């Protein structure tokens, strides 16, 4: 790898880790709102309440399961480079616990302040997702599993609308929220990490991420439009 290539990889992973740090902070704010957290963290947040193990620990364990599921689905077709999801998720879990420690004294005094934390969490998570996407580096294991499921369904049944990435992601996120709610009802007698803030996050994080991507991405010129086409034909 030449210097230019090394610099590009370094830039991508710095952007990725910046995005993960923002996502972790947003998740921590949403957890402290006590109005429910984002779909991606709903199961870890609920398991934290049940077991006392940290949210970051559960994020790591669950995402390692996601990596394992990708390997089971793809078998010999699993790209070894995707094992980089493992160190990425380790960093993400540590970032989440660090963010929760940073906001440990943030406690809303009323329902309006709770919604203020929800809104702040949605905004910060959305911006973090945008930087993660912009990085074009190793995906989080959840996104990797969604992409694997989508590709395998399309491979087996053709490119039908329900099998496209966005639709599979909606189903995946909904499944996580349902699992979190069921775990909460069984072990806690309530919905655990799932409340109205979870619904708001599910609806709005993507909107914030798309708006942020438009702001931080360079405007298309003939040159970089050509580059984008080339990148799409030859993804790294």
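Glycine residues also receive a Cβ, built from the backbone N, Cα and C atoms like all the rest.
Automated prediction, rather than curation, is the source of TrEMBL annotations.
Quantities reported herein were computed from a predicted structural model and do not represent experimental measurements.
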- [ ] Among 86-103, 140-157, find the range that TrEMBL records as transmembrane segment.
- [x] 86-103
TODO: Output the single range from 12-32, 52-74, 86-103, 115-133, 170-191 maximising the number of Cβ pairs under 8 Å to the transmembrane segment (197-216).
DONE: 115-133
Open item on the list: Give the nonlocal contacts of the transmembrane segment (12-32) in its own chain as ranges (CB under 8 Å, at least six residues past its ends).
Closed with: 38, 40-41, 45, 55, 88, 91-92, 95-96, 98-100, 102-103, 106-108, 117-118, 120-138, 140, 193, 197, 201
